[in-house]
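*Asks:* I'd like to ask some things about the structure below.
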Amino acid sequence: MKIQCNVCEAAEATVLCCADEAALCWACDEKIHAANKLAGKHQRVPLSASASSIPKCDICQEASGFFFCLQDRALLCRKCDVAIHTVNPHVSAHQRFLLTGIKVGLESIDTGPSTKSSPTNDDKTMETKPFVQSIPEPQKMAFDHHHHQQQQEQQEGVIPGTKVNDQTSTKLPLVSSGSTTGSIPQWQIEEIFGLTDFDQSYEYMENNGSSKADTSRRGDSDSSSMMRSAEEDGEDNNNCLGGETSWAVPQIQSPPTASGLNWPKHFHHHSVFVPDITSSTPYTGSSPNQRVGKRRRRF
């Protein structure tokens, strides 16, 4: 791409005058800047990419200038450009151009050491190694002895029961899902497990409809006598109550009539019966079906 000279508008521009803000060819540049000494001091930037000389920064006069600020009309290096155009929002809005022939590349950013490093072999071993808590030697020996004793008890088919004193402990046979397997009476099991506060005849009254063979089988224990006495008392109460505890509404028969209909069979025991007086002849029969003797004819 070629830039046309702003003065003659015919030749190719070779320099850019920062003071005049114009692109000039070699002929126009010599003609304009040779007129007086003041014009000869104008800063001019070559537009040819093959130019080997790079002008210095107008601020520090040490580093090479890469940026041209249109408002300040000065060539600036990177350091001076940042220092000047970051003071306030007004100067940061200045238009700046990159000089011709300057190649721009991405600046490598040093990110520094990574905060999250890859896990080392030591970290991996620490993650995979299980946590083991150190146990004192006496406690460890006691724990091993207790664990070994529990294994032996499980192999023998017994489970530890309640402790009678500090040295000895009772052992109960294993209980299956159905019933107990062993010769220990039921009352001993209830005392061991603290079930003596319950009613001892609860199971017996629950199974009251079973056969008498269960009662004779429970006669071996001391509680069977209490169960039998409770059964006898229950039978006496049933006999006194008539054997039935259901409620019934008493039925009152219809009142008797003069014709003998609806007369009770045992009216002298009936509390509701009121006899009807129909004639002067005294009634001596005990039932309504009894016939009164015929009157004798008088001759």
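Just so it is clear, glycine is given a Cβ too, placed from its N, Cα and C backbone atoms.
Straight from Swiss-Prot, here's the annotation block:
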- C5, C8, C28, H33: Zn(2+) 1 binding site (BINDING)
- C57, C60, C80, H85: Zn(2+) 2 binding site (BINDING)
- 164-181: compositional bias 'Polar residues' (COMPBIAS)
- 251-260: compositional bias 'Polar residues' (COMPBIAS)
- 277-290: compositional bias 'Polar residues' (COMPBIAS)
- 143-181: region 'Disordered' (REGION)
- 206-299: region 'Disordered' (REGION)
- 5-47: zinc finger (ZN_FING)
- 57-99: zinc finger (ZN_FING)
*Asks:* Check the DSSP secondary structure of H33 (Zn(2+) 1 binding site), expressed as helix, strand or coil.
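*Replies:* Going by the DSSP assignment, H33 (Zn(2+) 1 binding site) falls within a helical segment, counted as helix.
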*Asks:* Specify the count of other C-beta atoms within 10 Å of the C-beta of H33 (Zn(2+) 1 binding site).
*Replies:* 20
*Asks:* Excluding near sequence neighbours, so keeping only residues 6 or more apart in the same chain, what lies with its CB under 8 A of C8 (Zn(2+) 1 binding site)?
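*Replies:* Listed in sequence order: C25, A27, C28.
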*Asks:* For the C-alpha pair, I'd like the distance in angstrom between H85 (Zn(2+) 2 binding site) and C5 (Zn(2+) 1 binding site), rounded off.
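*Replies:* Just about 30 Å between their Cα atoms.
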*Asks:* Measuring Cα to Cα, how many Å separate H33 (Zn(2+) 1 binding site) from C57 (Zn(2+) 2 binding site)?
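*Replies:* For H33 (Zn(2+) 1 binding site) versus C57 (Zn(2+) 2 binding site), the Cα atoms are 21 Å apart.
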*Asks:* Reduce the DSSP letter at H85 (Zn(2+) 2 binding site) to three states and note it down.
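*Replies:* Where H85 (Zn(2+) 2 binding site) sits, the three-state DSSP reduction gives coil.
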*Asks:* For the recorded Zn(2+) 1 site, enumerate neighbouring residues of the same chain (Cβ within 8 Å of the Cβ centroid of C5, C8, C28, H33, site residues themselves excluded), in sequence order.
*Replies:* N6, V7, A11, A13, A22, L24, C25, W26, A27, D29, K31, I32
*Asks:* With the Zn(2+) 2 site defined by C57, C60, C80, H85, which remaining residues of that chain have Cβ atoms positioned within 8 Å of the Cβ centroid?
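*Replies:* The surrounding set, listed in chain order, is D58, I59, A63, G65, A74, L76, C77, R78, K79, D81, A83, I84.
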*Asks:* What are the helix, strand and coil residue counts for the zinc finger (57-99) according to DSSP?
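*Replies:* Helix, strand and coil residues of the zinc finger (57-99) number 10 helix, 10 strand, 23 coil.
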*Asks:* Using C5 (Zn(2+) 1 binding site) as the reference point, find which of the binding-site residues C57, C60, C80 has the shortest Cα-to-Cα distance to it.
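*Replies:* Nearest by Cα distance to C5 (Zn(2+) 1 binding site): C57.
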*Asks:* Enumerate same-chain residues with a sequence separation of six or more from C80 (Zn(2+) 2 binding site) and a Cβ-Cβ distance below 8 A; give 'none' if the list is empty.
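*Replies:* Listed in sequence order: C57, I59, C60, A63.
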*Asks:* Please state whether DSSP places C8 (Zn(2+) 1 binding site) in a helix, a strand or coil.
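*Replies:* DSSP call for C8 (Zn(2+) 1 binding site): coil, neither helix nor strand.
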*Asks:* By a simple count of other Cβ atoms within 10 Å, which of C5, C28, C57, C60, the binding-site residues in the record, is least packed?
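*Replies:* Candidates: the binding-site residues C5, C28, C57, C60. Fewest Cβ atoms within 10 Å: C60.
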